[in-house]
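Feature annotations, reproduced from TrEMBL:
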DOMAIN    1-476  domain 'Major facilitator superfamily (MFS) profile'
TRANSMEM  33-59  transmembrane segment
TRANSMEM  65-84  transmembrane segment
TRANSMEM  91-115  transmembrane segment
TRANSMEM  121-146  transmembrane segment
TRANSMEM  153-174  transmembrane segment
TRANSMEM  180-204  transmembrane segment
REGION    230-253  region 'Disordered'
TRANSMEM  295-318  transmembrane segment
TRANSMEM  330-348  transmembrane segment
TRANSMEM  360-381  transmembrane segment
TRANSMEM  387-410  transmembrane segment
TRANSMEM  422-444  transmembrane segment
TRANSMEM  450-472  transmembrane segment
Amino acid sequence: MKAENTQKCTRQTNKGKEKATDDYIIVPPDGGYGWVVTVASFLCILISDGILYCFGLILSEVERIFSFSTKFVIILINFTGPIASALSNKFGFRAVVISGSLLGFVGLLTSTFAFSVGTLFFTFGVLLGTADGLVYTPIVVGVGFYFDKRRALATGIALCGSGAGAFVFAPLISWLLETYALRGTFLILSGLYLNCAVFGSLLIPVKPVRRKKIVEDVSLKLLPPDSIGASAIENPPTPNDVKGNNKGEPAQSNMDISITENQPVTNANEKLSIKKCFFSILNLFKFSLFRSPTFVVICASSFFQSIGWFVPSMYITAHAVNMGVPKEKASFLLSILGISIMIGRILIGWISDHPRVSVLLLNNIGLTISGLLILLCPSILVSYELLALFSTILGLAASCTTATRSILLGKLLGLENVNNSYSFMLVFHGVATIIGIPIAGLLFDIFGDFHITFYFAGSSVLLSAFICYPLGRINRWEKMRS
């Protein structure tokens, strides 16, 4: 599946019987400068996601000083995905990433001078949350436009920036808080965030390649309105009038084609009404995607997966401590999970690029294994060694989904719809996060242990897998219907 956009420029030769057609095709480099974009995307995600994943370290300081919850930031990141996609469709990935980076820089910088809850809510919550949404979506989707055969591998490498960011920024932010306090940390992080603009500037659009074709002249005659265009009916084409070739190109006809135009010509200078402007803006978001059964199924699966996915990362350490594992040793389980996810994203990305490998099958296997592991975690994982093994396998299984989701969207919905579909999927991810985390905490408060919480999360992820099982047939049926 190639990312091809074609623009045609036709000119007639002096014989008047043939036309030279110039096709401008955008072909992914599939290497070369594409790897520069991959590294830039990796570093950009490392910074933006690294700061995001380490919110827990500055959460206590923020809440202690301002009584302000940082959950609002995460909510905004997911809900600004469609806005980022619409802007990317209009202005390109590079412009949106640079704009988001500048907005994040301003948000963190002005947080340094915030002395009230309202100010911090705007600078740290609204500005930074919106900025991360503008940076993340174009980066994840954009790297795929520079590759064809190695798209999954490149996407997996770029997404590894999340895990690498957690490793880099966790000790860095801890040291910054101890050395420079909260305001100094905001100031230094603002400078680091500004580097995303540098990396985003490397997302240079691929230049179209010109390709020439010689096609036979086709005469188009516009008949008077009172004509019914019956000449084509009275004189049907003979076999010699339609010339084919052995190259799989459309046959060309030498017939004159009569066209009857009965509709009035509108004024080209007519101003768009408010209604037309409104619908023009809506078209940027491509809400028509929700007419696709394939896309609806993917969103439903993503919703239930996100409800349960945060439970292991949030409660695995506390579960180990309840088993008697020392807190320092228990916290290392998250590091094991992070390393496993990083390795898994590269490995699964490399496997997904093989032409005989089904990305949908990998996605379904990963969801099924993840759901079963989370479901069985409190029952059979009764030692630290088993919990470490659980974290390793869970990270690899989860990579089957996280590393291939944008690739799966491209294969099922078309590369031109990846940007918008991925951003809408992030909205469902955000809604599920808002719902899932409080439910998980409520179950722990009611039952007093993590067993029911893990059962709930595992069942939700398994349901996500079951929803995806018929996705291949649904997609084939949808394509046949259209």
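Each Cβ is built from the backbone N, Cα and C atoms, and glycine gets one as well.
Here the structure is a predicted model, which means the values were calculated and not measured.
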Query raised in the report: Sequence-remote contacts (6 or more beyond its ends) of the transmembrane segment (91-115), Cβ cut-off under 8 Å?
Result: 44, 48, 66, 84, 123-124, 126-128, 130-135, 138-139, 141-142, 145, 183-184, 186-187, 189-191, 193-197, 199-205
Query raised in the report: With pairs 6 or more apart in sequence, are the transmembrane segment (387-410) and the transmembrane segment (153-174) linked by at least 3 Cβ pairs under 8 Å?
Result: yes
**Report entry** Other parts of the chain folded back onto the transmembrane segment (295-318), taken as Cβ under 8 Å at six or more residues beyond its ends
**Finding:** 289, 327, 330-331, 333-334, 337, 367, 370-371, 374, 377, 387, 390-391, 394, 398, 401, 405, 408-409, 412-413, 421, 424-425, 428-429, 431-433, 435-437, 439-440, 444, 450, 453-454, 456-461, 463-465, 467-468, 470-471, 474
Report summary line: Counting only residues at least 6 beyond its ends, the same-chain positions whose CB falls under 8 A of a CB in the transmembrane segment (330-348) are 152-153, 156-157, 159-160, 162-164, 166-167, 312-313, 316-318, 320-321, 362, 366, 384, 387-388, 391-400, 402-404
Report task. Tally Cβ pairs under 8 Å between the transmembrane segment (360-381) and each listed stretch (33-59, 180-204, 422-444, 450-472), then give the stretch with the top tally. Result -> 450-472
Query - Integer mean pLDDT for the domain 'Major facilitator superfamily (MFS) profile' (1-476) - result: 76
Report summary line: Sequence-distant contacts of the transmembrane segment (33-59), meaning Cβ under 8 Å and at least 6 residues beyond its ends, amount to 70, 73-74, 77, 97, 104, 132, 135-136, 139-140, 142-143, 146-147, 150, 154, 157-162, 164-166, 168-170, 173-174, 177, 182, 185, 189, 192-193, 195-196, 199-200, 202-204
